[in-house]
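For reference, the structure is listed below as C-alpha cells.
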Amino acid sequence: MCGGVCVGPSCDARSGVSARCPRCTCHVSFFSFMCRCGCPPEAASSCVERCSEGGCLVVSLLELLAFNCTFIFIASLVVLVEPIAAGSGIPEIKSYLNGVRIPGIVRFRTFFCKVTGVVFSVAGGLFVGKEGPMIHSGAVVGAGLPQFQSITFKRIKLDFPYFRSDREKRDFVSAGAAAGVAAAFGAPIGGTLFSLEEGSSFWNQALTWKVLFSSMSAAFTLNFFRSGINFNKWGSFQLPGLLNFGEFKCPDGDKSCHLWTAVDLAFFIMMGVVGGLLGALFNCINKALAKYRMRHIQPKAKFIRVLESLLVTMVTTVVIFAASMLLGECRDLPPSMMPNSTVRSSEDINSTIRQFFCPNRTYNDMATLFFNPQEAAIHQLFHQDGTFSPMTLSLFFLLYFLLACWTYGVSVPSGLFVPLLLCGAAFGRLVANILKVKLGMGIYSGTFALIGAASFLGGVVRMTISLTVILIESTNEITYGLPIMITLMVAKWTGDFFNKGIYDAHIQLRGVPLLEWETDSQMDKLTASDIMEPNLTYVYPHTRVQSLVSILRTTVYHAFPVVTENRQNERDFMKGNILVSNNIHYKPAHEHPVGSSSFSLMEQKSSVVSRAAEQRRRCQSMKSYPSSELRNVCDEQNSAVEPAEEGVDLLQQMLDRRHAPYPNLYPDQSPSEEWTMEERFRPLTFHGLILRSQLVNLLIRGVCYAESESSATQPRLSYAEMTEDYPRYPDIHDLDLTLLNPRMIVDVTPYMNPCPYTVSPHTRISQVFNLFRTMGLRHLPVVNAVGEIVGIITRHNLTHEFLVAKLRQHHIRV
C-alpha cells in the first residue's frame, strides 16, 4: 500500500520540462519496499530522495509497523487461548514420543491455534519459520484422526476402538510428525529419519514402513495441489515441498566450474567447527533468555507476553528498514541477470532483486536479503551469480543471529529451521566471498552457502542423519551427501562439548523427565535399590471404597502396587527383634571346601531373612501416609496358621502360600495410627499393578461388594467398558461419590496387571534403563528374591540429573 505521495519538480531533469511529476508513490509490502515513480526508470534514485524529503519513508515505516504489529498481536492472542501452541512444538512432540504426557499437546484446539498463529507470525515479519509448527500440526492430525472422536467436538464419536491405546496413538503421532517434515521440505525419507532420530523413543520394524508411507503420501499430496494451483497443471508434480533449495549446477559452457572438490572438505570441516561454536553460543543466549522469561514474564499477567511480542516485532521491523536504507551497498548486476539477458535460469532471482537507493543495473544487497521472504533470500544466497559484499553479509549475519535468538521463545507460534538456514547461508556465503574474491580460489559460492547453512543449523539443533537426508532431498543433489554429513557431524561434536541442542535445552528448562538413548557407563556403579522410590503408596487386593478415594485424592501417582502383608512371614523371620535382609548372600569361595554339594541349598535356606536395609531406607524417606486404613488388612488364611516349626523349609512355605486366595478385609477392624515404623513397613508380597484410571473407572461404575457378601457378587466390567473414556479419564476430584457406601469393598484383582516387568534390587542401572526405555514403561517395581516389593522406579528416577545426584550422594566422582 502507499505510504505517502510526494510531488516535486519533474523527475526527468534532462528533458527540460518544468512541469511537476504527477505522482510519486512509495509502496510497502510485507516483504518488499520500493519507490515507484511515474517518471523514467533512470531517475529512480532521485525519486526516492524526493520521497524521503517529503516524508514518504517515515510514513511507510509507520505503516509497515502497523501491519506487522497487528498480525503479531493476533498471533499472540491465539497463543493466549492455547498456551501450548507457542513455539515450534518440536520439544513438546519429542517429549510426548519419549513417553511423557503433556496436557493439550495433541488436541484439535492446539492444532487450530498453531495453524492460525503461524500464518500471522510469519506474515508479521518476525524471523520465524513455519516448518516447526508444521511438524507439530502433523503430529496432532496423526493423534486425532485415527481415534474417530474429538474432545472439542463431543458429537464426533464413532465406534472405532482399534487404535485407542497409548502405543497405537504414539505410532500415529510419529507418522504425523514425519509427514509434517516431508511436506515442509519435500523430503519423505528425511521425515522418516527425523521421526526416528529426534522423535520416537520406541521404534519397531513394522513402524518403519508405516511412517515412510505416511511421509510419501504427505509429500506427493502437497506436490499435487501446489503444482496444480500454481501452474494449472494438475498431476505434473513440479513443487515437491514448501522449501526447495533449487538445483545446484555450473553455468553452461564453463568447463572449469565444479560444485566441490576434495580440497574443499578441509574448509567444510573448519566451517563445521565454527558452526558448532556459533550454535553453542546461540543456544546459550537463548537459554538465558528463556530463563529470564520464566522468572520475570510468564508469572505476570498474560498481556505482558503480548507486549513482549509486540516489542520484538517493532525492533525487528525498524532494524530491517534502517539496515536496508542505510547499510546496504549497491552492487552491479552480473551479465546473466541483465534485463536483456536470455538466460532463463535467473528469472526467479531477478524478481527478488531490490534496487533501494541504487541506480539501474545495480541492486541493494542488504535490501535484497531483508525485504524478501526467507525462502527467496536463501535462494539468493545459494544461486545468485552476483556478489554480496563481505560487510553486508557480516552485518546481516550478526543482526539476524541476535534477532532470531531473541524471537525464538516469544509467545507466538514460531519455527526455527528456516531462520537458521538463512543465517547459516549468509555465513557460508561470507566464507565463499573471502576465499573467492580475496584469495582468488575457484570455488562454487552456492556450495559454501549450503554447507554454512548446514553447519549452523546442525550446531543449534544437533541433528545428523535426518538433517543430512533432508538437505540432500531439498537440493536434489546426491553428491552433496558426504560434505553435508561431515559438516553436521563436526558441528554436533563441537556444540555438544559446550551444551545441549536447542530443543533438549528447552525440554530441560521445563523440567520434563526426558530419557536419553542410553546412560553413561559410570552409572553402573549404582543399582536399582539406589535409585528406587521406597516410599510406596499401595492398595490391597480387597480394599474399602473410602481407602481408594483417600488414596486417589491425596496422591498424583498413575499406578499403585497391589500387595498383601506377610504377617506370618514376619513372625517366621523375626530373630531376636532384629530384621535382616531376605536376599541370598554367599560367603567367599575360599571359606568352603571345593565340591561341597550341599553348600548352595544350605546357604539359600540359612540366608533367607527379612529386609532391614530396604525397610530402613523406606523409613527414612517416608514423610507421611495419606491413609492409614491402607494397612488395615488381615490375612484370614494365614492368621489361623500356627507358627512354623523349626526346620521347615521357609522358601517352600512361601511358594505354597503364593497359590492361596487373596485375603479379604475384616469389616470391623479400625485403622491403627499408633503403628511403629517397622509395623508400617512389614514385608509386602507383590501381586501386580493397577492404574489410577482403572480405579477411578471402578468407583464411577460402582464396582464393589458389601462386606457381608462374597467378592463373587461384585459386578464385572469388560475391556471395552474399562477403556471407554480413553484418553480423557474423569478426575477423582470431579466425581460425586456420595452414593457409594464408604464401607463397601472393591476387588481389584480382575483388573490389575498380574505380571508387569520387575527388576531385582541388585540390577545394574544400564539394564534397568534399557528395559524401561525400550519397553515404553512408566512404572518398574523392584521385587526381591522372595517376591516382596521394596520400591518402585519411575521415569524421574532414570533422568540424567537424578542419576548424577545419586552418584554424588554415594561420593562417586562424576
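Just so you know, glycine gets a Cβ as well, placed from its N, Cα and C.
Annotated features, as they stand in TrEMBL:
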- 752-812: domain 'CBS' (DOMAIN)
- 65-90: transmembrane segment (TRANSMEM)
- 111-128: transmembrane segment (TRANSMEM)
- 172-194: transmembrane segment (TRANSMEM)
- 265-285: transmembrane segment (TRANSMEM)
- 306-328: transmembrane segment (TRANSMEM)
- 391-409: transmembrane segment (TRANSMEM)
- 441-461: transmembrane segment (TRANSMEM)
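Here the domain 'CBS' (752-812) has a mean pLDDT of 87 out of 100. The stretch with the most CB contacts under 8 Å to the transmembrane segment (111-128), chosen from 65-90, 172-194, 265-285, 306-328, is 65-90. Distant neighbours of the transmembrane segment (391-409): 87-88, 126-128, 278, 282, 285-286, 289-290, 293, 312, 315-316, 319, 323, 327-329, 365-366, 369-370, 416, 419-420, 422-423, 426-427, 429-430, 433, 502, 506; these residues of the same chain sit at least 6 beyond its ends, with a Cβ under 8 Å from one of its Cβ atoms. Sequence-distant contacts of the transmembrane segment (172-194) (same chain, at least 6 residues past either end, Cβ-Cβ under 8 Å): 93, 96-97, 106, 130-131, 134-143, 145-146, 163, 200, 207-208, 210-212, 214-219, 221-223, 239-244, 417, 463, 465-467, 469-470, 472-474. For the transmembrane segment (65-90), the residues of the chain that approach it from at least six positions outside its boundaries are 30, 102-105, 107, 109-110, 113-114, 116-118, 120-121, 123-126, 132-133, 135-137, 139, 198, 302, 305-306, 309-310, 312-314, 316-318, 408-416, 503, 506, judged by C-beta separation under 8 angstroms. The list of residues near the transmembrane segment (265-285) in space but at least 6 beyond its ends in sequence, with Cβ under 8 angstroms from a Cβ of it, reads 401, 405, 424, 427-428, 431, 435, 448, 451-452, 454-462, 482-483, 486-495, 497-502, 505.
Here the transmembrane segment (306-328) has long-range neighbours at 33, 57, 61, 64-65, 68-69, 72-73, 75-77, 80, 124-127, 293, 297, 354, 356-358, 364-367, 370-371, 392, 395-396, 399, 403, 406-407, 410-412, meaning same-chain residues at least 6 beyond its ends whose C-beta is under 8 angstroms from one of its own. Under DSSP, the residues of the domain 'CBS' (752-812) split into helix, strand and coil as follows: 24 helix, 15 strand, 22 coil.
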